Amino acid sequence: MAPEKLQVLHALDVAETQRYHFRAVLIAGTGFFADAYDLFCITLVTKLLGRIYYHDAPGDPGRLPLRLEAAIAGVTFCGAIAGQLLFGWLGDRAGRKRFYGATVLLMAAGSFLSGLSFGNSTGGVIATLCFFRFWLGVGIGGDYPLSATIVAEYASKRARGGLVAAVFAMEGFGVLAGCVVTLAVSATLQARSAGPALPEADYAWRVVLMAGAVPACLTYHWRMRMPETARYTALVAGDAAKAARDMSRVLQVDDVAADGTTMGGGRDKDYYGVLSRRFARRHGVHLVGATACWFVLGAVVYSHTILQEVVFRDARWVPKSRDMSALEEAYRIGRAHAIMALCGALPGYWLAIALVDVVGRKPIQLFGFAMMMGFTLAIAALYDGLTSPGRRPWLVAMCAFTFFFASFGPATTTFVVAAEIFPAHLRATCHGLAAAAGKAGAIAGTFGFMYAARRADDGGSEETSGIGVRASLFVLGAANVLGMLFTCLLPEPKGRSLEEVSCHGAELLLDRDDADVGDSQVLPL
């Protein structure tokens, strides 16, 4: 192929950051805003469900059985894994855009119907809630590979990391929005109620869940109007001329021919599948590194999310349930989570955006894992002393720093790197595989920490009690070492084009083992 046939890709790599780039980030980021809102708000909802449907005695405010609490949290992750695998595969087979609107429709329907969960019994309500939350998870999961791939394929090589990181950073605002909506709904209904306020609490959890449909609905129209990414059209669909025309509709670029730049029709015969020996030889180590890092991150971060409930109680931010109404408990927990998000996760996300294209992905990821390990082990070693009067603010501060370095670290970089290091015809599939590993880690962390940290003297039976919070934290701290080791398997994409970092040029070189094309057919870089 002649060098001019790569003109469209070169133009994307050197283009200045323009309004459409920010628009694409906003469209994709709004979906992640809704993702985080929907995933986080269930933490508050389970508290209200326990107070409403498991109120056993006048002196007992009620609490969901541990198995149901784990099931409600885990079913959304299971749906997310299915969505990440399915829509990642579809994104490479049918294009990034074709199913981009379907993901937010699933999210909107899942959120709204979760709030309408019905049934003649407690079991019926919980069962329908889990059913709708599963399909919500499918939409959330599908958003990961499609959003990351779309933004990465339109960005220039100089600004790509920051733009993709900005999409993921919208999760911080989604968590904060979940807190704000919970605060507003619980405060409003509490002002209208008296006594235990259980009827109002039943309205509260439904409104909180249904509000997640709003941002998903707002972004559907704009997603359907986005053109297909030029890289997919040129490299996978095989029509560089159409890629140039599509790109010229939304970006101002120089020296791109609008005709005569075709790469031929259909897929290149040299493409290979993710299960092939060729993929294993070229990218197998990278896929192992990406999936393993995301799995470790999911296990550690979601364990710390469960830990926050214990920290809020031990720090006396949230009194015991029997000392307050259901709506007051929701209000206090929402306020505590909002403070943690403002002080920890949000600053970390935006620092990552500022530095990811300056420092690089791997240094930030290694540093983040190392700092998470340090703070987790410090909390574990000092836990008994930190829960004593006068030292509780230090416990909260150390937890906030843990979330800060997760955001300014692997929480952002795993999302970015997985969208950069794989070839165009497998990019969404591989991102979906890595993201699915992250949600599998979230399941392991949520279930594992929920059971391991629960002690018999903390409301659990002998059958459900585990090793306790302190010992669980030591395990989590050690797990970060695995994240650091697997990070070493990844390449550094900073400042390199997607084709260069994914070795796309090498993929089209003469491979003496399994290709018979000549050097004249090489796609030049």
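Every residue, even glycine, has its Cβ placed from backbone N, Cα and C.
Annotation source TrEMBL lists domain 'Major facilitator superfamily (MFS) profile' at 24-495. On the 0 to 100 pLDDT scale, the model's mean across the domain 'Major facilitator superfamily (MFS) profile' (24-495) is 86.
Annotation source TrEMBL lists transmembrane segment at 24-46 (among others).
Per TrEMBL, transmembrane segment is recorded for 66-87 (among others). Using a Cβ-Cβ cut-off under 8 Å and counting only residues 6 or more beyond its ends in the same chain, the transmembrane segment (66-87) has close neighbours at 38-39, 42-43, 45-46, 49-50, 99, 102-103, 106, 126, 129-130, 133-146, 428, 432-433, 435-436, 439-440, 442-443, 446-447, 450-451, 454, 460, 464.
Residues or ranges marked as transmembrane segment in TrEMBL: 99-118 (among others).
Among the features that TrEMBL reports, transmembrane segment is placed at 163-191 (among others). Within the chain carrying the transmembrane segment (163-191), a Cβ under 8 angstroms from the stretch's Cβ atoms is held by residues 17, 21, 24-25, 28-30, 32-37, 40-41, 44, 147-148, 151-152, 155, 197, 200-201, 203-204, 207-208, 211, 215, 325, 327-328, 330-331, 333-335, 337-338, 341-342, 345-346, 349-350, 352-353, 356, 407, 411-413, 415-416, 419-420, all 6 or more beyond its ends.
Sequence-distant neighbours of the transmembrane segment (203-222) (same chain, 6+ residues past either end, Cβ-Cβ under 8 Å): 23, 27, 30-31, 33-34, 37-38, 41-42, 44-45, 48-49, 52, 101, 104-105, 107-109, 111-112, 114-117, 136, 139, 174, 178, 181-182, 185-186, 189, 326-327, 330. Annotated transmembrane segment per TrEMBL: 203-222 (among others), in sequence order.
Within its own chain, the transmembrane segment (285-307) is flanked in space by residues 43, 274, 365, 369, 372, 376, 399, 402-403, 406, 410-411, 414, 417-418, 421-422, 430, 433-435, 437-446, 448-450, 453, 469, 472-473, 476, 479-480, 482-483, 486-491, which lie at least six positions past its ends and keep a Cβ under 8 Å from the stretch. Per TrEMBL, the feature transmembrane segment maps to 285-307 (among others).
Annotation comment: TrEMBL describes 338-359 (among others) as transmembrane segment. Within the chain, the transmembrane segment (338-359) has long-range Cβ neighbours (under 8 A, six or more residues past its boundaries) at 158-162, 165-166, 168-169, 171-173, 175-176, 179-180, 183, 308, 396, 399-409, 411-413, 416, 494-495.
Annotation comment: TrEMBL describes 366-383 (among others) as transmembrane segment.
Residues annotated as transmembrane segment in TrEMBL: 395-418 (among others).
Under the heading transmembrane segment, TrEMBL lists 430-451 (among others).
Long-range neighbours of the transmembrane segment (471-490) within the same chain, counting only residues 6 or more positions beyond its ends whose Cβ lies under 8 Å from a Cβ of the stretch, are 285-286, 288-290, 292-293, 296-297, 299-300, 303-304, 307, 361-362, 365-366, 369-370, 372-373, 376-377, 379-380, 383, 410, 417, 421, 449, 452-453. Here TrEMBL flags 471-490 (among others) as transmembrane segment.
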Residues of the parent chain within Cβ reach of the transmembrane segment (24-46), under 8 Å, 6 or more residues beyond its termini: 64, 69, 72-73, 76, 103-104, 107, 110-111, 133, 136, 140, 143, 147-148, 150-151, 154, 163, 166-175, 177-178, 181-182, 205, 208-209, 211-212, 215-216, 218-219, 222-223, 226, 305, 309, 330, 333-334, 337
Long-range environment of the transmembrane segment (366-383) - Cβ separation under 8 angstroms, sequence gap at least 6: 296, 300, 304, 395, 398-399, 401-402, 405-406, 408-411, 413, 469-471, 473-474, 476-478, 480-481, 483-484, 487
Folded-back contacts onto the transmembrane segment (430-451), same chain, C-beta under 8 angstroms, at least six residues removed: 66, 69-70, 73-74, 77-78, 80-81, 84-89, 91, 141, 144-145, 148-149, 274, 283, 287, 290-292, 294-303, 305-307, 414-415, 418-419, 422, 464, 466, 472, 476
